[in-house]
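Colleague: Before anything else, here's the structure in question.
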């Protein structure tokens, strides 16, 4: 250990109480940053998973023009066979074909425009949580059954219930007139007004028959087990589709850019809050080191008069600050990880969350997600901010006149 390091360490404990107060501020901020960043990451992941698991999935295979122009004619040939091959290749059941178009649905009294989605009932339960949101009746059964499920708001507007029949009028893939009478077998409630008001689902086989689109679908939905698998699975699928130049593999942020924008907006607000916290710690460090310099003015003047260069003293102050910051970083990270690890396994709940979770089909607890970034990003910024805050007190020494400094009391 160098002489400067030993001197800096000894100087820290000349005023133990002041040192521990400053270190405690660093420790508290580091614990808070580790936990809050981990909670943010976990919340974002929960938000992404719940939003994507309802309809869009983590990945979609689409016709290259479908994203910009979602029309029935931009489709995939033999989608169910391709989905079957992908389920085998990826080793998951969370792969399902879907077709979608817009039509008019009518009851005896009213008519409304809706989006009609054809799904594979056997596999769509692995790519969508909609089957768990059925409040009345049941989910879809056979792939060719003349049945559908619809949102609670739409059911109320149409004045229909389970067992009633509604008429669907639309346009087929070939431009022909599409019309059918379908039985309502289930009513879902997502608490998202737009979906509950304007979406119906029917078996893909019947959809293909109704809209003259045999052996075709508009997209294939794939749900990945975690974010780490996303890029790997996308690469595998792209290799599988190398000879199908008209198809594209889309990630969730292309399909639902609003989720990404919401996360970025939340991060912007969090950055401001964390910035204020780091600034408060930095001011605490600057105050501590400024008091230390003022108390040792006579001492510094004496050693400078004996020939010690001001640069050496400046470096000593910065080393003292670095040692305090390192101590606060280590203790803060350890305690922050312990706190986060505990809630990562038990979950974090607050009053009213259980009721909201039951209503919106969400998990009843939030789980922090401890990661390399959440552990190190915040504490590292606290450490850098603390060292930068010590620059002003340290450089005051350079402006000291040795004679004037020795006269100070």
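Quick reminder: no glycine exception, Cβ is built from N, Cα and C everywhere.
Caution: TrEMBL annotation is automatic and unverified by curators.
In case it helps, TrEMBL gives these features for our protein:
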- 19-239: domain 'MacB-like periplasmic core' (DOMAIN)
- 272-402: domain 'ABC3 transporter permease C-terminal' (DOMAIN)
- 20-39: transmembrane segment (TRANSMEM)
- 271-294: transmembrane segment (TRANSMEM)
- 315-343: transmembrane segment (TRANSMEM)
- 370-392: transmembrane segment (TRANSMEM)
Colleague: Which residues of the same chain, at least 6 past either end of the transmembrane segment (271-294), have a Cβ under 8 Å from a Cβ in it?
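Modeller: Non-local partners: 11, 15, 18-19, 21-22, 25-26, 29, 32-33, 36, 300, 317, 320-321, 324-325, 378, 381-382, 385-386, 388-390, 392-394, 396-397.
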Colleague: For the transmembrane segment (370-392), what are the same-chain contacts with Cβ under 8 Å, counting residues 6+ beyond its ends?
Modeller: 26, 29-30, 33-34, 36-38, 40-41, 274, 278-279, 281-283, 285-286, 289-290, 317-318, 320-322, 324-326, 328-329, 332-333, 336-337, 340-341, 344
Colleague: Do you know the DSSP helix, strand and coil residue counts for the domain 'ABC3 transporter permease C-terminal' (272-402)?
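Modeller: Its residues fall into 106 helix, 2 strand, 23 coil.
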